[in-house]
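TrEMBL lists 32-54, 86-105, 112-130, 179-201, 213-235, 342-360, 380-397, 404-422 with the feature transmembrane segment.
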């Protein structure tokens, strides 16, 4: 190979290589379109912050709770705001303490900060969509068309938005099979708002597929360590108050603010029986999807778990007779999951939780909006029906206050999407066995 004789020749080649990067980007229609959408949304977010009035809901309460924490209060029962007591884990306090420090507790600079967070989240979501290659390029624009989601980020400054951004980050990290890092980021998201736990069952299943049991345990230990370290000041001082308030799974939300199940009479809505019934439906749906869809290529959930148990038993039985090196080679059962399987399983698992949630407040739309286009294109429905379902869901979330008709409509739309996900053929989960020649249409 010829060696360049001059420095200018080296610089010329380097310049040609650098200039080829934008060309490669432009040749990828989805990546180029995503970049254009991102730039357009920067302009849109700027206009919203400049011209649309801020809506006061939880910001003052957040700042009051943070001020109590910064003032030395460690008893969670004494951390309160004008909307009630603090009900989020400790990560919320650290994040909003940093936000208060950066913004001085003022709304306008906080809106700018949340606008930046919105764009970062959108960029991460675009990465997930381009990487999985499920949608046609033009359908990526749906991710930028939600009036409600723009409002939640830059006009209401909810902690749901930060938790969702971290969740999407953890999902993107899992594409590179960095499960421990992904679990740490996932746990950080949980520490800001517990709704992220809706992703926990499908995430655990994916871990069991991708890792051996010892790696699963170590990854879960990393996630648990994050929670312990973040909550340590409160666990050492008032552990009962912290655990009972920050991780209260039995909260009853106000019927008036519910976007779904508004058609259910309030006495039934707040009853324990209704909550238990929804929980049972939730668990049954998770098991059914896991057994018949997510583990179909492994022979079903029960067969998959049985094979993992037998492998662990074999490994333990051989541990005493093999050398340390051979022992580790026998125990290496890690497999590489394809991005499509990771995203489909996690988005669908979260969506099942959304369908079965007793109450969905307006800010909860951020929990699953970014997954809607993906889930719709995983169904066998025609494109027109997918768009109708998307618009219908967005319409329901923009009716204020919600009413019987909008909540019935939202439930029906959710059930149709869920049926579509059930009807769709499951993708092959493992990357190494996927055909490299099969490419999806743009």
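Even glycines carry a Cβ here, placed using N, Cα and C.
When each of 112-130, 179-201, 213-235, 380-397 is scored by its Cβ pairs under 8 Å to the transmembrane segment (86-105), the top-ranked stretch turns out to be 179-201. The transmembrane segment (380-397) is not in contact with the transmembrane segment (342-360), judged by fewer than 3 CB-CB distances under 8 Å for residue pairs 6 or more apart in sequence. Here the transmembrane segment (213-235) has long-range neighbours at 74, 76, 89-91, 94, 179-180, 183-184, 186-188, 190-191, 204, 207, 241-243, 246, 308, 312, 331, 334, meaning same-chain residues at least 6 beyond its ends whose C-beta is under 8 angstroms from one of its own.
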